[in-house]
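The next block holds one structure in the form of structure tokens; read it before the comments.
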Amino acid sequence: MKIGVDAGGTLIKIVQEKNGERTYSTRLTTEIEEVIQWLNQQDCNNINLTGGQAAMINEQLNCESRVFVEFDAAAKGLEILLEEQGHFLDDYIFTNVGTGTSLHFSNGKAQKRVGGIGTGGGMIQGLGYLLTGISNYKQLTDTAQNGNRDIIDLKVKHIYKDSEPPISGDLTAANFGNVLHHLDESFTDADKLASVIAVVGEVITTMSITVAREHNTKNVAYIGSSFHNNDLLKDVVKDYTVLRGCEPYYIEHGAFSGALGSIHL
């Protein structure tokens with residue numbers, strides 16, 4: 001059995017391959033000691049590590065494992081998943097939305113990091129908690145799905161009420177810019193969280209499209225744990241990507257690209 005571990009800032013992603021079969025699992029980073037204990041029961045020759053805490057894990061193993069740069073591991077794993085899911089792309093941007101967000105260009109032979117932003121899952125959870133008091137990720141994302149952004153976010157259609165706007169009316173003119181126009185209304189937790197997720201999605205997409213244009217590609221693959229149980233984020237990112245003239249790809253098990261890639265490098 002081969003084991004790939006991507007130890008990130010919030011989650012530890014684990015891929016196990018044996019006899020042509022693959023399993024995926026996650027643990028919280030706070031459970032890292034338990035993961036280390038489990039790894040120490042395995043054959044070190046079969047352990048492959050990547051991510052920000054890979055070096056720390058490696059130091060506590062009984063013997064030396066293989067450690068890879070997380071960007072290279074994610075690129076390799078994504079390449080495998082894209083082909084397995086029938087997407088044969090010559091070049092593409094891949095946007096990895098974890099606690100923060102990292103952007104990369106790949107031409108199928110090599111990857112290079114082309115940008116990064118602090119907007120990501122960490123902002124959804126942190127700002128979401130400050131606004132609502134909800135700390136559980138699933139409860140937070142479940143709640144957000146039913147939110148009404150129109151009373152919080154100012155859209156182009158709100159400005160051009162009686163005339164045709166020069167750009168799509170569905171574009172956001174100002175995130176949270178409609179709040180002071182609706183002080184007579186109650187803002188629910190769902191409304192607040194939907195708007196938080198929307199601003200994260202719009203920033204991620206804007207950055208992705210910008211670097212895609214810089215590298216003459218229209219393909220953008222979105223991966224990362226922040227899309228888990230978060231259809232609203234997926235929809236915002238997909239709609240904005242299409243609106244900007246690019247092709248979005250969501251990859252099943254994309255959050256495990258780093259762990260998978262570490263096995264195959």
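Placed from the backbone N, Cα and C atoms, the Cβ positions cover glycine too.
Feature annotation from Swiss-Prot assigns active site, proton acceptor to Glu70. Swiss-Prot lists 6-13, Thr99, 121-125, Tyr137, Ser225 with the feature ATP binding site, giving sequence analysis as the kind of evidence.
Distribution of Swiss-Prot features across the structure.
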| residue | record | DSSP (3 states) |
| --- | --- | --- |
| Asp6 | ATP binding site | strand |
| Ile12 | ATP binding site | strand |
| Glu70 | active site, proton acceptor | helix |
| Thr99 | ATP binding site | coil |
| Gly122 | ATP binding site | helix |
| Tyr137 | ATP binding site | helix |
Most crowded position, judged by CB atoms within 10 A, among Ile12, Ile124 as binding-site residues: Ile124
Recorded positions (Asp6, Glu70), the one with most neighbouring Cβ atoms at 10 Å: Asp6
When distances run from the Cα of Glu70 (active site, proton acceptor) to each of the binding-site residues Gly8, Thr10, Ile12, Gly122, Ile124, the nearest one: Gly8
Position of peak Cβ density within 10 Å, selected from the binding-site residues Gly8, Gly122: Gly8
Fewest other Cβ within 10 angstroms of its own Cβ, chosen from the binding-site residues Thr10, Thr99: Thr10
Cβ packing number for Tyr137 (ATP binding site), 10 Å threshold: 19
